[in-house]
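**Student:** Just dropping this structure here.
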Amino acid sequence: MRTLTHNLGFPRIGAQRELKKALETYWKGQNDVDQLLATARAIRTGNWLLQQKAGIDLIPVGDFSLYDHILDMTTLLGAIPHRFGNTGDKISPDLYFAMARGTADQPAMEMTKWFNTNYHYIVPEFDDTTQFRLASDRLFQEIEDAKALGITAKAVLIGPLTYLYLGKEVTPGFQRLDLLPRLLPVYREILQKIASLGVEWVQIDEPILSLDLEQPWRDSFAEAYHTLHDGSCRLLLTTYFGTVDHHLTLLKNLPVDGLHIDVSSAPEQLESFLTEDFSGKTLSLGCIDGRNIWRADLSQKLETLSQAASRFAGELWIAPSCSLLHCPVDLALETKLEPEIKNWLAFSAQKLEEMTTLGRGLNQGRESVEAILTASDEARRSRTESSRIHNPIVHQRVDNLTERDSQRNHPFATRKHLQQQRFNLPLLPTTTIGSFPQTATIRQARAAFRKNELSHLEYLSAMRAEIREMIRKQEEIGLDVLVHGEPERNDMVEYFGEQLWGYAFTENGWVQSYGSRCVKPPILYGDVYRPEAMTVEWIKYAQSQTGKPVKGMLTGPVTMLMWSFVRDDQPRSTTALQLALAIRDEVADLENAGIGMIQIDEPAFREGLPLRKQDWKSYLDWAVKAFRVASSGVKDETQIHTHMCYSEFHDILPAIAELDADVITIETSRSRMELLDAFVKFSYPNEIGPGVYDIHSPRVPDASEMFELLKKASRYIDPTLLWVNPDCGLKTRNWPETQTALQKMVDCAKTLRSALQA
C-alpha cells in the first residue's frame, strides 16, 4: 500500500512578507481591496505550486488567511458579534478587519495565544442568540482555484468542538457548548459543498484533543462526528501540539476516516495507536517538526516509519506535526547565515522535501534515498560535534547555582516600604510598558548603521536624540515613571540575542504572530553567554535626561526561550537557566549604574505551559526559577517590574506570585478587566498594573472608557498597589494616537487619584 504525503498548512505571509505589506498599505488607504486580494491570490498560488513541485500528494486548501484562520471560521459560519452591526449580507473586508482591529465605535474582538505557540487568534464571541449560517464562499472559491491549477486539494477546516471551545461567552449563565446543535447543520452544509467540488478528503482540525477536556466536551465529539460523517467527504480528524493518547478510546470509536497525530512533540503516543486496532482508519503521522527549524534525523525517522508501516494494517500517511505556519518559508533565502549552522536547519520548503524523502524511502526502499540520508546523518554529526555548541564556563555557572541565587533579600512588604522611600511615587503611578513608536527615521538610522552607512558616533547621536525626545514627550504628558523608548531595538528578543553568544540570526526567517505582525525568531543553537553589557549605556543616558525614574528594559529568560527557535539537544530548563544568568548579569550592571527600576518582561510565560495539567508543575518550577535567578541579585530598594500579555492567568496565579516581581503589568483591556477577578480571589500580594487600553488596535478609546476600566480596577485592587499603564508596548503605533491615548490615561489617573484622596 503506497504511503501518501500531505501537509497541514503553509506560511501565509509570503517569502518576502508580501501579505504584511499589502495589508498595511490597504489599511492606510494606499491600495484597494482588489490589489490586496490579488496579492493574497499570488501567495496562495505560489504556496500550492511549491508544495506540488516538492511532491506532496495532498495539498491543503483553506489554510491561507488574510488575518487569522479562526476569524475566517467565524466569517464562514456567519457568527458575527451583534455589536459590529452585521445585517446578514455577505461579510465585507471592512467588517472582517473591524472585528480584528476595532473601529472608532467598537473595540476589536479579543485576541489570545493559539495554544502554547506565539501565534494569536481572534476569539469568537457567543451568547444565547448566536446563530450560524454559511456566510462566505471564500473556501469554495479557493478550492476551485486550486483545481484549475491541477492541485490535488485537501480542504482544511477548524473542527466544530475546537471552534466553540476557543470562543468565549459574552453573557453570564450561558454555555457555548449549548450552541453545538445550531452549529452542526452549517458544518454539514459546508462539507456537502466541498464534496460537490470533487474534494475527497477534509482535514478537520480538533487540537483541543491535546487538552484535558471536561466530560461534556468529550461526550460531544461523538454527537458531532456522527452528525458530520454523512459520507459526503472523507474526514481526517487532525490533532497536534501534544499527545492525544488519553483520548484513545474516544478516537477509536469516532466515525472518521482518518486520524492525524503529532509524533514529533509526543513520539511516545505512536505505540498506543499501533497497539490499538485502528486498522479501519488512515493514520497520519506528524513526524516532521512543524514548530522548530532543526533538520530532521531522516535515518531515524525512516526507521520508525518502517516499523510503524509493518505493524499498522491500515493506510499510513506522512505529514508535519502541525501546520508549517510556525516556521519561516524558505532556508534558500538565507545568504548570510554561517554555512555550518545553515546546514543544521530546515524551514518550511525544506520540510516538504523531508516529507517526500521519507515517503519515497517507504514506498521505494531506503536505497532510493540513500544519498539524502547520508547528507542528513552528516549534518547531525556536524551539529553534535561542533565547537560552537558548548561553553564550559556557562555549564559551571549553571551547576554552581544555589537556592539563595533565586531569592530576594527580604519579603515584598519590606521592599515596598524601601522603594516608596526611594521613589516617592503618587497613588496610582502612571507608566508605559517600554517601547514607543518606531518611526521611519528610527528604522532608517538603524538600517544605515547596519549597512555601515552611519558611523558608530553618528548612530549614537541619532539614537540619543530620539531618547531625549521620548523623555521630553513623557514629561510633557505627565507620566510618573519613564522609559527610554527602545529606539535602538528592532525586536525584544532579537536585540538581546544579537549580543549573546549561542544565538544566530536570519534575514528572512519571519513567522506570523497575528494579522500583519511578523516576528523573526533568533536561532538559539548553543550555550548562552553574555560577553558584555547590552543596555546599560542607553538607560544611563535616558536617566541623565530626567529627574523622574527611568526603567531599565530587559526581556526575561522564559520569553527569550519561547520566542526563539530553541536547540533540541538539551533540556529547555537548562537553556532557560543559561539565559537567566546572562540577564542576571545585565540586571546587576544596571543597578550598579544607578538604575532603580528594572523591568524584566515575560510576555511568553504562560505560552510555555504544557497543554496537559499533569505536566504543568515541572514547567512552572523551572520557569519560575529562571525568572528568580535573573531578578533576585538586587538590593531591596531596586524595584523589579515584569510584564505579561495575552495570558489567561487564572490557573497559574500561585506561580505568577512566586516570581516575586515588585510590580506586574498585564493585558486586560480587551477582556474588560475580567482577569482582575482572579487576582483578587487569589489575593495577589504585590503591585499590579492592569492595562487600561488596547494598543493592538489603532483605535484611541474615549477617556470615559479608560476611566471606567481604571475605576473598576480600583474596586478590585487596593489602590496603594495599583499602577496605570497601557496593555503593551507602543512600538507598532504612531505618535499622534500614542500621545492622545497616553494623555487621556494620565488625566484619568489624576482624576481618580483626586477622588480617592478626597
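Heads up, the Cβ atoms here are built off N, Cα and C, so glycines get one too.
Given the structure is predicted, the values throughout are model-derived calculations rather than measurements.
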**Student:** Ile433, Gly434, Ser435, Asp601 bind L-homocysteine in Swiss-Prot, but which of Glu378, Glu486, Glu488 does that record place at the same site?
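**Tutor:** The one candidate that Swiss-Prot places in that L-homocysteine site: Glu486.
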**Student:** Suppose a student reads Swiss-Prot and sees His643, Cys645, Cys728 listed for Zn(2+). Which of Glu607, Glu667, Glu674, Glu705 should they find annotated at that same site?
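**Tutor:** Site partner of His643, Cys645, Cys728 for Zn(2+), according to Swiss-Prot: Glu667.
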**Student:** According to Swiss-Prot, Arg17, Glu18, Leu19, Lys20, Arg517, Cys518, Trp563, Glu607 bind 5-methyltetrahydropteroyltri-L-glutamate; which one of Lys113, Lys416, Lys681 is annotated to that same site?
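**Tutor:** My reading of Swiss-Prot gives Lys113 as the candidate in that site.
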**Student:** Do me a favour and check the Cα-Cα span between Ser435 (L-methionine binding site) and Cys728 (Zn(2+) binding site); whole Å is fine.
**Tutor:** 9
**Student:** For Cys728 (Zn(2+) binding site), just count the other CB atoms lying within 10 A of its CB, please.
**Tutor:** 27
**Student:** Three-state secondary structure of Leu19 (5-methyltetrahydropteroyltri-L-glutamate binding site) from DSSP?
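**Tutor:** The residue in question, Leu19 (5-methyltetrahydropteroyltri-L-glutamate binding site), is helix (DSSP, three-state).
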**Student:** Counting across all protein chains present, how many other Cβ atoms fall within 10 Å of the Cβ of Glu486 (L-methionine binding site)?
**Tutor:** 25
**Student:** Are there any residues at least 6 positions away along the chain from Cys645 (Zn(2+) binding site) with a Cβ closer than 8 Å to its Cβ? List them or say none.
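**Tutor:** Listed in sequence order: Pro603, Ile666, Glu667, Asp727, Cys728.
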**Student:** Including all protein chains displayed, how many Cβ atoms other than that of Asp601 (L-methionine binding site) lie within 10 Å of its Cβ?
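**Tutor:** Cβ-Cβ neighbours of Asp601 (L-methionine binding site) within 10 Å number 25.
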**Student:** Which entry in the list of binding-site residues, Leu19, Cys518, has its Cβ near the fewest other Cβ atoms, using 10 Å as the limit?
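**Tutor:** Among the binding-site residues Leu19, Cys518, the sparsest Cβ neighbourhood within 10 Å belongs to Cys518.
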**Student:** Looking at the binding-site residues listed here (Leu19, Ile433, Glu486, Asp601, His643), whose Cα lies nearest to that of His696 (active site, proton donor)?
**Tutor:** Ile433
**Student:** Consider the binding-site residues Arg17, Lys113, Cys518, His643 and say which one has the Cα lying nearest the Cα of Glu486 (L-methionine binding site).
**Tutor:** His643
**Student:** Around the L-methionine site recorded as Ile433, Gly434, Ser435, Glu486, Asp601, what other same-chain residues have a C-beta within 8 angstroms of the site's C-beta center?
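**Tutor:** So the additional residues around the site are Thr432, Val483, Met492, Met553, Gln599, His643, Cys728, Gly729, Lys731.
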